[in-house]
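> Sharing a structure here in structure tokens format.
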Amino acid sequence: MSAQAPPPASGGAPPAGAGAPGPPGGQATGGAAAGPPVFTPEQLAALPHNSMGPALLATIWTLIAISGIFLALRVYCRLSRARSLWWDDIILIVSWVCILVTDILTTWLVVALNFGVHSWDFDFVNNLNAMLLPLLVRGTFSITALAWSKTAFAITLLRLTGGWTKRIVWFLIVTINISLGLSALLPWVSCTPLKGAWLAFEPGKKCWDQNVMLHYNIFSGAYSAAADVALALLPWSFLRSLQMKKKEKIGAGIAMSMGIFAGIAAMVKTANLYKLYDDDLYEASTLMIWDVVEGTVTVIAASIPVLRVFFREAASKYRATDDNSKNSKSGTGRFGLSSFAQTLSRKDAEKRSHVTDDSRSDSSILGPDAGGNRPKDHAILRTHTVTMAYAERQKGDEAYEMRPVV
């Protein structure tokens, strides 16, 4: 699933004239290993000698920074509203940390080992063993980030769904973690003895045929993409029943469907998984970009619904405050009773909306109010309604009264 180099299938020294045994772009190999072809000086001079390293590092660190900003805003929104984090927040934070570790290991491979160059420019004899273990660890963190970022968004959906939709979400959570978990585990157990997975020249080691790993990774990659699409479409199934305006439903649906872009990234990566077994390291290193793209886009997509609700409510409160300010300046009578009545009516409407609508709107993504004003399920509410009567009796003689409505 993730871009990580395989252990070569055969032990011993590399073949004469070859830089290293085995294609260094997959997860596990089997059968006879062959290194890069031998070139004459003239042929070598005619080959390209560029590196994917600079573009790889620029892309992955830009993506981790952007996704980190979205995640930080999500955490701020949650803490400012609910004063605590939920499980989906914690899991998403852990997944982002896994992506960060992935980027750090990738940077070390590029800077220390010159990873990302073409195979004919890579020093396999001195760097192959040093490369394999970091690649295996990197792949584990990368796959973990993918599984848990999708899980975090699915847990968010669990709070908004019910019935068959919730059962589908649970099914996706379980199967995503199983399929991607196996993708992370299998490279570590693909050789006998196990240390052959990260020791290229371990005598007598035997490893699985590379097609076994390739076919399973294609399956898990395709399933990951399908799960992204399913999680992106599921919100539309329950948005119809929410007490929201049509425009708000469309906005919420679009915000909660951003995971479709993670699915697209997963499709592109899966379609290019064969490059893991390419003889050229340059081609294999391009896949490192796509697994980071998929993970960071999932983090961003999982954060957008929370940010949308938060900023929508903030804008609504700002408009209400602005209206109050204008009404206080143009209120009727010496006491501004018209403004006072409008404010009272607005607050009463907000309370009613909060009691009846919030549990059936996308506002529940943010969690309960910080002050704990949201009533518990099945609670009995006692309401006192107060009206204001205002009358102009004579010029310069104004009177008003407040009385409860029976």
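Just so you know, glycine gets a Cβ as well, placed from its N, Cα and C.
Annotations per TrEMBL:
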- 1-33: region 'Disordered' (REGION)
- 55-77: transmembrane segment (TRANSMEM)
- 73-312: domain 'Rhodopsin' (DOMAIN)
- 89-111: transmembrane segment (TRANSMEM)
- 131-148: transmembrane segment (TRANSMEM)
- 168-189: transmembrane segment (TRANSMEM)
- 218-238: transmembrane segment (TRANSMEM)
- 250-268: transmembrane segment (TRANSMEM)
- 288-311: transmembrane segment (TRANSMEM)
- 343-379: region 'Disordered' (REGION)
- 345-361: compositional bias 'Basic and acidic residues' (COMPBIAS)
> In the same chain, which residue numbers or ranges, 6 or more beyond the ends of the transmembrane segment (131-148), come under 8 angstroms Cβ to Cβ?
1-5, 7, 24, 27, 91-92, 94-96, 98-99, 101-102, 105-106, 108-109, 113, 115, 176-177, 180-181, 183-184, 187-188, 197-200, 224, 291-292, 294-295, 298
> Are there residues at least 6 beyond the ends of the transmembrane segment (218-238) whose Cβ is under 8 Å from a Cβ of it, and what are they?
1, 146, 150, 153-154, 157, 160-162, 165, 168-169, 172, 175-176, 179-180, 182-183, 252-253, 256-260, 262-264, 266-267, 269-270, 273, 294, 298, 301
> I'm checking region-level scores; what's the whole-number mean pLDDT for the domain 'Rhodopsin' (73-312)?
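Averaged over the domain 'Rhodopsin' (73-312), the predicted model reaches a pLDDT of 89.
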